[in-house]
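Trainee: Below you will find the structure I want to go over with you.
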């Protein structure tokens, strides 16, 4: 097991800087998720760790070894691609064993390792098939199998679930978490989906505009977002965020309150407003308010909450759950 | 609140622009600029450059053959065209070869014929190709067979076609004139009449080459969504209006290809003319390419090469502006 | 369109196409079956007696089996140059598509020149002479590679653009060297476009007349198209043999066309219609 260290990693394309100096320490065995909106540089960062992109400046170590200038195959990493990148002309067995055969390992050893990986991933009966004949979930498992036989120090996942439908995604999320529990290898996982980040990560790295916004455990980011960006990105439904006069009255530049931390009352409270729209989700209902002094505000209430459109309500923050940012 | 949103939007847009340029988050990494080279050239870093997984030496075997046998002769032709040359010694004589090309009547005729032949075959192939393509994409019986029949001559030996048509165009016994005589028309001397020979060859060129134009137009027509025609029909467009207002503009990329390809082919044309008339009668159907061969046979290597250079310049002068013009119209639309 | 109208248009079109596009081939076939005197009449008529086999034997044995030698030479030139073209242009197309750089940009310009411009023949002959390849099969094969490289490379480049780069990268991570990425991952995936390339280029090179006319004159290395051309002057009075020769030259492309129609169409229209 080895950790990964990034020291002031930068990446530019011509004059344009995409990664603007990243310092990050990933502990051995940790499941780290890079999350951020599209274009934040998370995939580029992962590809730099993989060695698929050159590092413009900075240093990268894996397991204490400086690998900044190493070829991808010399870094002790394995990667699962968003498209799976299975070789279409090879069978499942050949796909999984390709790296070993390139390294000219003896055939018996290749077979043994391929079979072991196939066994662990329930792929044994598919070993002679071509990728075209597999379902999405099976392809995903072959891609993971190909990564496992490399026996890597670090697993890299580049949005591996985004091509799957919702129910399969939930299942694969579980399988990957399970894999991590069994192998206890360091894993770095890129996603734009904050639900994947929250449910799988030991540590979340929120990236924005080529810089780290915040690093921490999922609940730490939820409870104590360091910036309005993190506050808005982590948590669903999104946190209500306000600037201007309303925030100034609250004593800060940006004021935030999550929908689940607002109580509604028909008689009194902090902010009077009118109900504009209600979304009943079953257990919960999302109440969209026009608050007089703030503007639109979303509050979470219980599913059968007796509110109606046009009704006048008072919203109040739950003490200790208000967020004040000086940016 | 609005301000925050605007800020977020701005960062989003910036990020998206950055991404479009880097293309690293998307899967379209194909166009990623060559970073390693840029940074190394810029000297921003002392980092050792990792070799690209796409090494330039892959180009080397092809590049050697191509350079030695195509690029070098093309480049040196500009020098040899200004010499008197016997393949051993070349004596510089300036523009004399070119002067000859533009003053000797039979050479000038070759030049003019080349332009006529190229324009004519290109125009005929474009018009007939589009017509055939419209017919062969419409809903008729035996469509596949018809396409095959129209296309097959493209694949046949030009010399074979040339010889066969020469025989069929025989002034007295040829199939053409016998058929015309049977309906009481005295057929012309297709290849023996100096005023007609070039056009007869062009006609055979059309017969042999229209299949390719048709094929390209068929591909272009098939790419037009039937939705447009349905919408036009609902708007009350007649068939002719549909053709002029929908088919013609939308099939433009194919038209550009056909015109360009057939113009280049027409300007370089040699095989068919040589097989049918040898440039005759007299010099009536000579083109630059046949002049190049004749002068080569006669041992006037410098003059022959001057013909090559003229053909090179002619193609550049015609095709390059045409391409630019086509592209500009493309942008305007 | 109603059914009857659809049928009549089709039948009229078929009849016209038959007259215009098929009759010349029928004429070639008829002439090839006639006697020498009958063929000299040049008439579009059935032979009085079918002398197909006699004419065939006469053409094949003529000039000490020159036609067989020609078929052998043409096939050799075609097979070797197409084999080389496939490997070399796939490599070039691959690097050009994957790695935009000054070098590949220059290559792109040079290949476009090759696609448009006529080769400078006499300087090429001079050059071939100086390196001892004029009038040799080796020289002819190399010339065919050079002259057809542009088209093959464009075909490959367009196709490689559809192969996801993820595959190259997965192979890199698996420890493949650049050579291995290309030969073990990319090249096997190019099969469809390689078939197209082989078919289209084979026909082009087999039918090439100008190349052998300039660079391969003389009896020993005669090619099919040259025999045809030589027969035209030598057998001006033996039309039956001339047309038998044309017929024999037409058969290889016909066979290829029947089996590879789809690939030929793909190759001929590739890149022609950009959206």
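Even glycines carry a Cβ here, placed using N, Cα and C.
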Trainee: Given C:141-160, C:161-180, which one carries TrEMBL's transmembrane segment label?
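Mentor: The listed stretch tagged transmembrane segment in TrEMBL is C:141-160.
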Trainee: Considering pairs 6 or more residues apart, do the transmembrane segment (C:181-206) and the transmembrane segment (C:102-121) have at least three CB pairs under 8 Å?
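Mentor: The transmembrane segment (C:102-121) and the transmembrane segment (C:181-206): touching, no.
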Trainee: Do the transmembrane segment (C:239-260) and the transmembrane segment (C:102-121) share at least 3 Cβ pairs under 8 Å, sequence separation 6 or more?
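Mentor: Between the transmembrane segment (C:239-260) and the transmembrane segment (C:102-121), contact is absent.
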Trainee: Do the transmembrane segment (C:141-160) and the transmembrane segment (C:70-95) come close, with at least three CB pairs under 8 A (pairs 6 or more apart in sequence)?
Mentor: yes
Trainee: Same-chain Cβ contacts of the transmembrane segment (C:102-121) under 8 Å, 6 or more residues past its ends?
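Mentor: Beyond its ends, the transmembrane segment (C:102-121) has Cβ neighbours at 92, 95-96, 146-147, 149-151, 153-154, 214.
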